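Here the structure comes first, spelled out in structure tokens, and everything after it is commentary.
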Amino acid sequence: MRKLFTSESVTEGHPDKICDQISDAVLDAILDKDPNGRVACETAVTTGMVMVMGEISTKCYVDIPKLVRETIRGIGYDRAKYGFDCETCSVITSIDEQSVDIAMGVDEALESKKGEMDKLDAVGAGDQGMMFGFATNETKEYMPMPIEMAHKLSRRLSEVRKNGTLPYLRPDGKTQVTVEYENGKPVRIDAIVISTQHGPEVYLEQIEKDIKEHVIKVIVPSELLDENTKYFINPTGRFVVGGPQGDSGLTGRKIIVDTYGGYGRHGGGAFSGKDPTKVDRSAAYAARWVAKNLVAAGVADKLEIQLAYAIGVAKPVSISVDTFGTGKITDEEIVSIVNKVFDLRPGAIIRDLDLRRPIYKQVAAYGHFGRTDIDVPWERLDKVEEIKKHI
């Protein structure tokens, strides 16, 4: 049976991604000085303006306007002709402390209040909700091919802009890849869509030629392309006005880009700007860690795990697994292995993945999962042998 599946990615200069990177830059700056700081930082951008808001409880001081300007400069919006300038944009901040009602549940979990002695029970989940982790062996990154290929194309767009290969490119851009599957395995790429902001001096014909030569051919293996592969490069014909001048942006608006490109389910919670006591982030990272190690251990070809939490309670209220018919053992047996090998209380996740560190801005663009260009703890295959002992 053949079917098509499509996923998209965006570059670091996309308005929503600017916001994610600013929020995580603030988080990293606080965790660097105060590892126990509580951060829920949201950012909005529009023409000539950035607003940073949220709830932050910390013992340290960070210069938020300076962080904002440094982040925007690093992305590439450093002159007015790009429609957004790190030096001249206004920066507005509105920061409150974390709610005492939330803090009391995180500081002392329900289990601790009942007298349970394990110190990891003292850290309650920062919110209720469900988080999903996913892995598949269809790529070496254990990610679905559509999102993995879309991310690589987006990163390449930024690379050829910054290294001067295509100096007329601007920071904003999007990619989209449609993969054809046969009996559950990727066999070819059916369509590639790339929209990239550019200077007014260049024409579409040149952009199409350069993107095919310096982006697509460099990234996409030739065996996945054929005479029927369709290419859509700047299909509107012109993309000069972009970034916050073209669209306003908000933190947390690219949650499917951040995860599995729609191939796996999503619990709805965004990542950026949240410290690791927020299970929206830490438990989603843990779920990816669990799923990737299970697939790498040969438990299944494809696996999705759901974790669910109650605010102020340490232990997950439920753990569910789906192997989509690819499991070598039953889903119930896999859940049993998960409970034996992994401790999924928030305090244990923070400890085992060492999450109270400034490691978040680096994943705020080009995906939080499947990253081989950086070392992030939830991508490590450090539980494979232990899992195999229980199969």
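Heads up, the Cβ atoms here are built off N, Cα and C, so glycines get one too.
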Quick one: sort out which of 76-86, 98-108, 230-240 is the region 'Flexible loop' according to Swiss-Prot.
98-108
Of the binding-site residues Glu42, Arg238, Asp247, Lys274, which sits closest to Asp16 (Mg(2+) binding site) by Cα distance?
Asp247
Nearest of the binding-site residues to His14 (ATP binding site) by CA-CA distance, picking from Glu42, Glu55, Lys278?
Glu42
For each of His14, Arg238, Lys254, Lys278, count the other CB atoms within 10 A of its CB; which of these binding-site residues has the top count?
His14
For ATP: widest Cα to Cα gap among His14, Asp172, Gly173, Lys174, Arg238, Phe239, Asp247, Arg253, Lys254, Ala270, Lys274 in Å:
36
Nearest of the binding-site residues (Glu42, Glu55, Lys278) to Asp247 (ATP binding site), judged by Cα-Cα distance:
Glu42
Per-residue pLDDT averaged over the region 'Flexible loop' (98-108), given as an integer:
52
